[in-house]
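Listed in TrEMBL for this protein:
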- B:38, B:39, B:40, B:41, B:42, B:43, B:44, B:45: ATP binding site (BINDING)
- B:17-338: domain 'UvrD-like helicase ATP-binding' (DOMAIN)
């Protein structure tokens, strides 16, 4: 009896061991695959970087490049269940036969990054901003995804269960932990980080957005290109501390010839002694230093006489 | 998912399209080679689009198995947009979506480039090694490099001669006793030779024996060396535009399975293809479904190596390469132009003799086209001035144009196109412009003169000269050289003239100039410190040992010394020293450059200058909708500046500025080359001609376009016979068939005018020169005698202009258009509409990099899954 029980026990234990071993093997395989994929990501990342650099003749700062790679790797580590179940990527959506009040026919186009369509259809759009920025600008993203969802559903006649933003940039708390070098905090914050945000659908938002889109196209077609009023430049951007003038205009090369920005800057002059203070703005010192580091390697040609 | 039944007919009805019998036959054709001869305005674009829709929607062909090619990027863009639009219409009914992202739509060049980089089609594609395709300007600079040029001269066997004699020796082949002495001319000439050899697939070693003379042998040796030079870059694959096609062809030859990849190959503008393209097209059509579309009467590009025989002889070539004849369908109803316009140009082309001497029953032309107008009206739509001296004719034409505008028969001056065989150095053009200006009308002539002579680039580069200084003028006396220095002086003078009204501009340019000088003197001071210490500039930077001395360099400015001492620099130095850094540690020379580099690039300077009234006015004119011309020109200037930065460096380091190196490279190489090549080429893909101005175009430029009113002031182009390249190609490849050398130039003139005449929709206005030394081409004479004259023409009698309905609806992107416009309409205008190049935007690069890589990951995962679960 005891022997029998023992045999059964041993068998059970052996089976359990077997199972554990299989599980281990499965995990190893999964790890191996994950590793291979990370390797693949790094490879493609470098290739894409080279191609973009060759196409644009530009480079990005080493820090920015590193951050870009991290975003992709973290996306893969955080959301493997999304990445491995997606069915279509870079889906082009178009809504033809839109009409302006003057009768111009146009098409609205958008590209959505991924659609997952196994048991339920979810539309994801990947943003390289952080999730807090997305939350504070929720309306903006809602408008966009509502339009995309509308195109998908009405034109393709397919149900859509959910629309969702994936924000790949590290949230503030993670960035702080990195800056502090606090590994424990980093671990905690990374676990806490949820890069997904579901965007609700609203028929009213949709209609308003399409109306606004149409109005914008009308304005483009008749050539209305005045900048926003100075008052808008003085406003903060939603959910940010930065002003419109510094975030939007500050990154716009044509601000120097822009009446609105000039009027704004006139009111903000810091250094009255320097007549050309207005033109001396080349970004922050850090940006300037990054820019130098990025471009010095491909520095100016040395043998000018060969080139002339 | 329910599938409402849709048919081609129901789609056509919805789109308001009523195809004629030939159009319908062409659209429904799905099997085997197809030969579409498409006259002007015959709706061939629609036919191509619907044919493709039919293949995708009703015949189940995957978009990626269709190759659709045309002649320009703009035309390709329109095809893609049109296709998206029609397929979107289908999706509306069926819910079935079509992904065109992987479909091959583009010029043959861009398709070759894609094919070479497509892992599916090019098994040899090396992962991560980008292909560098040198465009025309880059190819020029490649050959112009002293080291490369010297190699070519040695290959030519001219090394013993004085440089000028070397150039003459080369140029004589191309221009006989009119040969110039300049190196520039020699470079342009050999480049045209190289391009032609590549396109004719002539391998130097193989054809050397056929070379009729020493000069041809010399050029062939240079060509051989050129190809060796191209093939030896570092780190990437490199070729020029012509050899790109050979590369793609080689891939096809080596991989027969790739020849069967495309189920359908459709080539538009087939009359303008060259030999390598013909071979490429047949190689791609392994499945035999090859559709070519074109019009031999509109062949314009012999000077770029096009061989119209590809089209005229297509049935025979098809038989040779595919073993069967194509079905021929003529699209011969013209929907564009009014009846009399169509009659006029059909009569005109019929005035020429196209019969083959040796086979009188055959012609060098597809002659059985039977072009007819859809419009049946008999109203006057072709008028001609009375025969008179050029001044009188020009004034008369200007008067009629003024009347057309005043009467409201034409909405905007940009609806009236003046077409000329050539705009450069053509005194008739200037005369016509003056006559229009006397009527208070403004002209837009993007290729009339040098782009650099236009006001905006002159002022902009004039301001640059005030900052970087004008190069020393050497003792050279060539017209180009002295002309260029005249231009430099004029540019500086024009800016100086503004100083009175704009003293702040003067002060700003002076401040910038001082920054340049300070950077250079700081650099020299630091170099002196290094020399005093006995340090090698190429040595690794040793912060602890070197920094104190550098910071202590008294002769350097405070700002520079602070930069040496900065935290940011220390950070960079240490970062490079860190283990695992992918870049080598910084050298002393790097440090010197880093601390003396200007804060700004040439594009930064460009945008800052835009703040001063002289330049700001150009933006204001566009913003208020008064005149788009100036900002279009600024856009082109920004593109040139950006190209310079791409080719050489975005940074203005003091090492680069000192010894006038930057100045010489920028003004004496880059800009001088643009000046001499007569670079211009402003073309806006969407809306080519600025409102408020009358476009002056070359006939070549007008190809594929249509205008309510077309004016041809001068119906003359002289026959100068076949060029040296034609004769060479015929000698080197005697077995090739082609038009007789003594007749081809005449044929080309006939085709050129045919293109010009067929651009008109509603009114064709012709000038008739007749005076000492002026006349019209012989073939026009009998036709002009039949026409009503402008004097008797009543503008009020002109029928109202029909609305153009050919353009497919425009697509606006949610992010790139709507969001950008919402954020700032003016930013949208400057960068999206007029294509100015931003100075240093990083965000777009960053976003693209992340998105592309995530996309690659997804593709990989989808692929993996498909492999794991094989389809039952």
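Here the Cβ of each residue, glycine as well, is placed from N, Cα and C on the backbone.
Unlike curated entries, TrEMBL annotations are predicted automatically.
The predicted model assigns the domain 'UvrD-like helicase ATP-binding' (B:17-338) a mean pLDDT of 91. If you take the C-beta of residue B:40 (ATP binding site) and look for same-chain residues 6 or more apart in sequence within under 8 angstroms, you find B:295, B:298, B:334, B:336, B:337, B:345, B:371, B:755, B:758. Packing around residue B:44 (ATP binding site) is summarised by its Cβ count: 22 other Cβ atoms lie within 10 angstroms of its Cβ, all protein chains included. Around residue B:45 (ATP binding site), taking its Cβ as the centre, 20 other Cβ atoms fall within 10 Å, counting all chains. Close to the recorded ATP site, the chain also has B:295, B:331, B:334, B:335, B:336: residues not among B:38, B:39, B:40, B:41, B:42, B:43, B:44, B:45 whose Cβ is within 8 Å of the site's Cβ mean position. Summary for the binding-site residues B:38, B:43: the Cβ-based neighbour count within 10 Å is maximal at B:38.
Around the Cβ of residue B:42 (ATP binding site), the number of neighbouring Cβ atoms within 10 Å comes to 26. The DSSP secondary structure for residue B:44 (ATP binding site) is helix.
When Cβ atoms from all protein chains are considered, those within 10 Å of residue B:41 (ATP binding site) total 23, not counting its own. Using a 10 Å radius centred on the Cβ of residue B:39 (ATP binding site) and all shown protein chains, the other Cβ atoms total 25.
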